[in-house]
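Have a look at the structure below before the remarks.
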């Protein structure tokens with residue numbers, strides 16, 4: 001457990017360091033590491049995934065997976081995260097940037113990421129440059145991916161290995177539920193509760209806007225004077241389009257900018273059957289016996305018809 005916490009802390013620190021030095025800052029998003037850092041289990045008791053706490057807009061996703069799988073088999077679970085690729089989001093530096101996508105797949109216990117040497121070449125080609133990892137050392141059945149370029153990865157493919165009940169007594173041949181989530185674009189809230197610049201900012205008091213100035217960094221400073229003569233100042237992040245103007249009277253919490261968010265998060269659930277091979281063999285044997293019976297009945301009928309025809313001729 002201590003190793004797991006150290007790994008999460010290290011990953012979190014690296015993420016902050018990368019952002020601090022400005023690498024890929026235009027594509028900054030709410031990294032999965034934020035969820036990993038703050039939630040030991042990403043699925044709450046009510047079924048809500050942790051990603052939805054930062055990605056406030058709801059957008060649909062789709063899941064594609066086989067209905068049934070055999071023990072030790074490798075199969076694909078595909079999460080589709082569709083969006084309009086002509087749209088751009090507001091980057092952390094206030095400039096327009098393409099959207100990134102990310103996904104989370106919560107598999108039944110025992111199911112896990114397929115070993116690299118067993119992943120089909122076709123899947124490796126599709127996932128070229130994509131890094132899929134377990135949520136933590138404790139939950140290797142929960143897989144996360146992202147952030148990655150959305151224009152080329154609207155279909156997230158997870159190669160999964162099914163468990164073998166013969167080797168693990170805790171696994172049974174049953175129908176299991178699994179859960180998936182996918183987001184496009186940056187989050188509106190950081191894990192600390194602070195708003196990101198992909199959000200709507202409300203007026204901190206009622207009153208008249210006496211002055212609006214823009215700094216060299218592109219930030220907007222808004223002065224609001226209330227009826228009691230108290231003046232407050234608000235600073236809005238760079239890149240936001242204001243929905244108010246100087247001299248306008250506003251109410252408390254009235255939006256000061258147009259909603260810049262073009263992304264959103266969605267989650268779905270489905271089921272998968274861990275099929276017993278013996279049942280399949282039994283089913284095939286049953287089908288074969290039915291086929292043989294049908295053939296025998298047809299042959300018997302033909303034989304009977306020949307006997308009847310011979311008696312009539314006699």
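Placement of Cβ uses the backbone N, Cα and C atoms for every residue, glycine included.
Residues 280-300 are the range that Swiss-Prot records as transmembrane segment, among 259-279, 280-300. Residue 51 (heme binding site) carries a helical DSSP state (H, G or I).
In the shown protein chains, 25 other C-beta atoms lie within 10 A of the C-beta of residue 51 (heme binding site).
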